[in-house]
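According to TrEMBL:
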- A:Glu410: active site, proton acceptor (ACT_SITE)
- A:Thr138, A:Gly166: FAD binding site (BINDING)
- A:16-132: domain 'Acyl-coenzyme A oxidase N-terminal' (DOMAIN)
- A:263-425: domain 'Acyl-CoA oxidase C-alpha1' (DOMAIN)
- A:463-641: domain 'Acyl-CoA oxidase C-terminal' (DOMAIN)
Number of protein chains: 2
Amino acid sequence: SVNPDLASERQTASFSVEKLTAWLDGGAEHTRLRRAVVEAIERDPVFSIENQYFQSQNERYEAAVRKAVHLQKKMQEMGWTDDGPELKYIYRALSGDLAFLLHRIFIRSISVLGSDKQIAKWIPLATQYQLIGSYAQTELGHVFDIATQEFVLNTPNISAMKWWPGDMGRSATHTVVFAQLYINGKCYGVHPFIVQIRSLQDHSLCPGITAGDIGPKMNFEHTDNGYLMLQNVRVPRENMLSKFCEVQPDGTYVRRGSQKINYFTMTTVRISLISDEVVIPLMKACTIAIRYSVVRRQSKLKPGEQEAKILDYQTQQEKLLPQLAAAYAFYFISDYLQELFNRGYREIQRKNFDMLPELHAFSSGFKAMVTQHSTSAVEICLRACGGHGYSLLSGLPSLYTKIVASCLYEGENTILLLQTARFLIKCFMAASTGQPVPPSVTYLAAVTPEKCPAKNKLDFLSPDIYTEAYQHMAARLISSTAAKLQDLIQSGVKKHDAWNQCTVQLAQAAKAHCHYITVKNFAETVEKLETQPGIQKIMKHLCDLFALHGIFSNAGVFLHDGYVSGAQMDMVTASYLDLLAVIRKDAVPLVDAFDFTDKTLNSALGSYDGQVYQRLYEWAQKSPTNKQMSPAYERYLKPLLHKTLSKL
Amino acid sequence: SVNPDLASERQTASFSVEKLTAWLDGGAEHTRLRRAVVEAIERDPVFSIENQYFQSQNERYEAAVRKAVHLQKKMQEMGWTDDGPELKYIYRALSGDLAFLLHRIFIRSISVLGSDKQIAKWIPLATQYQLIGSYAQTELGHVFDIATQEFVLNTPNISAMKWWPGDMGRSATHTVVFAQLYINGKCYGVHPFIVQIRSLQDHSLCPGITAGDIGPKMNFEHTDNGYLMLQNVRVPRENMLSKFCEVQPDGTYVRRGSQKINYFTMTTVRISLISDEVVIPLMKACTIAIRYSVVRRQSKLKPGEQEAKILDYQTQQEKLLPQLAAAYAFYFISDYLQELFNRGYREIQRKNFDMLPELHAFSSGFKAMVTQHSTSAVEICLRACGGHGYSLLSGLPSLYTKIVASCLYEGENTILLLQTARFLIKCFMAASTGQPVPPSVTYLAAVTPEKCPAKNKLDFLSPDIYTEAYQHMAARLISSTAAKLQDLIQSGVKKHDAWNQCTVQLAQAAKAHCHYITVKNFAETVEKLETQPGIQKIMKHLCDLFALHGIFSNAGVFLHDGYVSGAQMDMVTASYLDLLAVIRKDAVPLVDAFDFTDKTLNSALGSYDGQVYQRLYEWAQKSPTNKQMSPAYERYLKPLLHKTLSKL
């Protein structure tokens with residue numbers, strides 16, 4: 001039975017949850033397919049994550065391998081294909097708790113960079129798990145030895161040891177290593193090689209290989225992140241992936257075509273991780289925290305009444321509802337980026353590489369902005385559940401410890417923001433001298449009013465008003481930082497020093513740019529919803545909330561040049577706080593629309609029926625800490641406690 | 001041998017690390033005692049935390065019990081007393097990874113609230129661990145049964161089950177339960193009772209008791225946080241703690257003296273946790289991240305040079321150095337609060353309770369502000385170490401997962417901030433009508449200039465200038481929220497609704513107040529350092545950095561009413577960024593001065609010698625994931641990989 005406090009929230013929804021879910025999925029037929037895939041996965045006991053919170057690192061690794069091997073059979077059985085729409089639903093159902101994700105990148109890199117012959121040799125073995133690959137970008141140098149027709153690989157010292165590649169610690173038999181290629185003392189830049197690291201016979205390490213598991217981590221216990229050192233490891237000439245370049249037997253280096261496509265592959269990884277590794281966990285955290293916040297009652301809002309649902313407190317709304325708005329905002333920006341990249345990929349296939357700098361800047365900046373914002377958001381959700389959020393059984397700690405990694409992998413966020421900033425500064429310089437710039441940054445040359453025209457708090461519910469404020473703010477931060485950079489250089493500071501002295505502000509400017517594009521895209525998404533007025537209305541509220549929350553919490557950058565006045569900031573605050581109370585009413589239906597099953601959420605606080613306390617109690621019974629009398633009692637406590645028997 | 005990059009940082013210190021350490025400790029004699037205690041603890045193998053990162057929840061609990069029992073012997077052996085100065089050094093050396101902390105609160109509550117007879121009966125048993133106590137504040141009602149001279153306790157339903165008390169899950173034989181007392185249908189408010197929950201004979205649960213361990217958590221695996229339900233549990237009349245009130249055999253209720261002292265006990269817990277559970281972990285995180293940031297080199301700052309230490313990047317400085325300044329700021333405010341509370345306690349012993357509201361407001365607000373700020377700071381330190389920060393072996397994940405709990409226990413932070421806000425609003429009202437207010441809030445009635453008088457960026461290095469800016473800002477937030485509250489009430493909104501509609505701003509105002517006091521206290525601490533000019537100079541830089549970082553990152557509240565202009569904010573930014581480069585030079589000596597041993601830090605990234613990569617590699621070998629071939633290989637991989645043997 002559903003907790004009555006939670007049930008009552010669903011009776012007053014201002015829109016159809018089913019319609020919103022279908023729209024988010026891109027149509028009801030997608031929802032049906034997704035649900036069928038999720039159901040098939042959840043019915044299969046091999047994929048159960050029920051005991052996950054009680055497992056050791058060893059147990060989680062073993063379960064992840066078992067699931068990966070089983071999934072391959074399951075996919076054949078169900079007729080699901082590797083390039084079909086099912087894959088992302090499978091991943092969603094399994095929460096990514098699966099081995100061999102780096103193995104997939106191993107396969108992808110061979111497919112993209114290998115010759116036809118190499119593809120024919122390696123890909124069938126890899127897809128059948130008849131070898132397990134990993135992927136390592138290192139600082140190594142590879143020397144070609146003409147006499148033996150081999151590349152010789154060496155890790156120069158322990159600080160150059162490769163650390164972290166997934167599937168490398170215990171599973172992998174092979175890895176793609178990217179490293180500098182040297183022939184006769186001349187360096188030809190970074191190239192990819194297939195290196196065998198473990199015996200196919202008995203899984204022992206190959207000669208010259210030092211490898212193992214890096215040990216316990218904050219999360220990713222299911223993955224055997226590994227280390228790798230190479231000492232005089234010899235790799236046959238034909239193991240250099242050679243679609244775009246080759247070393248001939250006599251040591252002649254031949255290049256064919258462009259290598260730029262390499263970077264594009266990494267760029268797409270960044271884009272796909274936003275949806276799979278960031279937006280979905282954020283949606284889950286919002287679902288758990290919001291459902292719990294209408295079940296949990298504490299203190300009285302009005303004297304004499306029963307204790308209030310904690311979501312009825314303004315402070316609780318102010319914690320959770322902006323995170324809910326951000327989940328929607330990032331879901332939409334993720335779609336937008338995916339479309340942009342599909343378009344870019346089509347251009348690249350036509351050998352038009354013009355979009356590459358813009359795509360690279362987008363993937364870097366948004367990866368950084370979305371992962372950082374979402375990590376904070378998940379932490380807020382966890383803390384908003386008080387003590388119970390801190391129990392692993394809430395599901396929130398593991399969402400947090402996993403999402404925080406997204407700030408670190410596939411490019412550290414600050415480095416990525418500075419890459420975006422470099423692109424923005426370049427575009428700003430070009431735009432100010434009238435040169436053409438990519439469409440996403442034409443705003444840098446646009447003329448906006450010097451003062452925000454809003455006259456009352458309702459004006460700030462106009463997307464034109466707030467989008468323009470964001471645009472003005474982003475353009476100002478970019479232009480003022482560009483000016484500081486130029487001033488420093490003109491005053492004699494060397495270019496690289498000047499750049500370093502501006503990096504705090506450059507990173508801020510890059511974030512502001514991404515924030516502006518996210519607000520603009522949200523507003524445009526809402527506008528296109530005119531055929532579904534019920535959904536459009538609530539999405540408009542969320543869009544307003546996302547935008548005003550951003551102004552409220554970054555007030556300084558809007559007030560700085562007087563574009564927004566102190567009095568206008570009070571209007572923003574008033575509208576922002578009003579919106580909380582409006583969206584509060586639909587908070588539960590808005591998370592229900594994400595359509596997570598209880599099994600996927602795996603949360604004692606967040607399930608659909610809201611039976612929080614019953615579930616916490618039942619799940620705690622399953623903990624190994626409740627399975628036996630602790631040896632600590634026999635060893636340390638019993639002798640002491642027995643002394644008391646005669647005294648009490 | 002010390003890593004040369006780290007060694008060179010120590011050669012250029014602008015001050016004596018040893019002198020700074022001694023000053024922080026309160027004198028060289030304290031440093032000597034601390035080091036002696038730490039050494040004695042670290043020499044004893046029972047207290048080793050070497051394997052902590054590889055242990056299960058069961059193993060950590062057992063180790064914590066073992067250590068607690070052993071510590072008692074050790075203290076006798078060493079002549080360390082429970083109320084001596086050694087206890088906080090012991091706790092620091094053990095990183096709090098010790099069982100029976102709630103048992104200590106059990107003891108404290110009996111000492112404070114029990115009659116002489118009760119103290120004589122229970123305290124000797126408890127101090128010898130001949131019973132293990134816990135502590136539970138519940139929503140229960142206790143009914144007094146005159147016929148049997150017993151209190152009858154019942155947990156009405158599962159949602160009222162007590163959840164979280166430490167030492168309760170597996171260890172405790174007794175607990176102090178706070179609950180409503182009913183006699184003949186009349187409620188007499190909250191009272192404390194000693195309840196036995198487990199047999200002293202065989203540790204089985206007593207009749208009517210449901211109790212157990214709540215299962216896995218984000219951290220605190222060493223503690224058996226438990227749950228408790230009571231069904232018709234009968235407690236003898238003499239188990240109600242009766243220093244301040246008693247139920248006589250005929251059911252007559254007698255009150256003696258004030259109960260206010262109860263709250264004061266909880267208040268002191270909040271104050272002591274700031275130093276033990278928050279400031280020390282923050283100092284550790286800074287030590288680890290800053291040492292690592294001079295060992296780790298990445299990319300080139302100048303073309304043609306070797307790769308740069310990552311701490312030479314402005315963005316890395318901007319991540320870490322403000323956290324270092326905050327560690328110092330909070331260390332000083334923690335001292336300040338401790339002194340204030342000692343003074344308060346002396347007054348209370350003289351039956352003067354006047355300071356209680358101020359002390360309560362202080363403990364609440366600072367607990368919330370310092371825990372929240374420090375939790376973010378530790379997270380920043382973790383993320384600033386990139387991938388390696390994410391490894392448990394860095395020590396940073398466990399610091400984070402532990403410190404985040406401090407935001408949740410001993411009062412949820414938002415609730416605490418609103419209690420401080422209530423006090424501030426009351427004082428503001430009093431001050432504006434000329435009534436006397438406690439000294440810490442007289443500033444609410446002070447007249448400050450309407451504009452910040454700073455003329456150039458150097459002016460912002462004047463403590464008068466920035467302290468006044470903080471004061472102005474805090475007073476403005478409090479007065480404007482008080483005005484909003486009054487407006488709402490005057491416009492007919494009911495008082496409790498009006499309060500709820502202001503809570504987001506009230507919490508912000510309370511934080512601003514605490515921030516102001518922290519800046520002011522830091523500036524005053526620096527001023528008093530005139531006899532030690534070397535230390536004073538670097539402390540002044542840190543104070544400036546703490547203050548300007550706060551203005552830079554909360555620019556909106558300073559710009560809002562024009563007190564600081566946009567042009568002045570640019571000066572703040574310039575001075576702030578300049579300071580980063582100045583403090584950068586002393587960053588390593590500034591963390592060395594915290595004087596943590598390598599064993600206490602337990603970090604592969606942060607040890608004194610900076611041998612990061614060697615240690616990461618050696619420690620990874622100890623992981624259970626590297627101790628054996630995984631069963632996953634035999635079960636799932638071998639059959640697949642063997643198929644490839646004939647093919648490659």
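Each Cβ is built from the backbone N, Cα and C atoms, and glycine gets one as well.
Caution: TrEMBL annotation is automatic and unverified by curators.
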### Query
Which residues in the same chain, at least 6 apart in sequence, have a Cβ under 8 Å from the Cβ of A:Gly166 (FAD binding site)?
A:Leu101, A:Leu102, A:Ser134, A:Phe220, A:Thr223, A:Asp224, A:Asn225, A:Gly226
### Task
Write out the long-range same-chain contacts of A:Glu410 (active site, proton acceptor), meaning residues 6 or more apart in sequence whose Cβ is under 8 Å from its Cβ.
A:Met266, A:Val269, A:Arg270, A:Leu273, A:Lys367
### Query
Near the Cβ of A:Thr138 (FAD binding site), how many other Cβ atoms are there if near means within 10 Å?
21
### Summary
When pLDDT is averaged across the domain 'Acyl-CoA oxidase C-alpha1' (A:263-425), the result is 94
### Query
With DSSP helix as H/G/I and strand as E/B, how many residues of the domain 'Acyl-coenzyme A oxidase N-terminal' (A:16-132) fall in helix, strand and coil?
87 helix, 0 strand, 30 coil
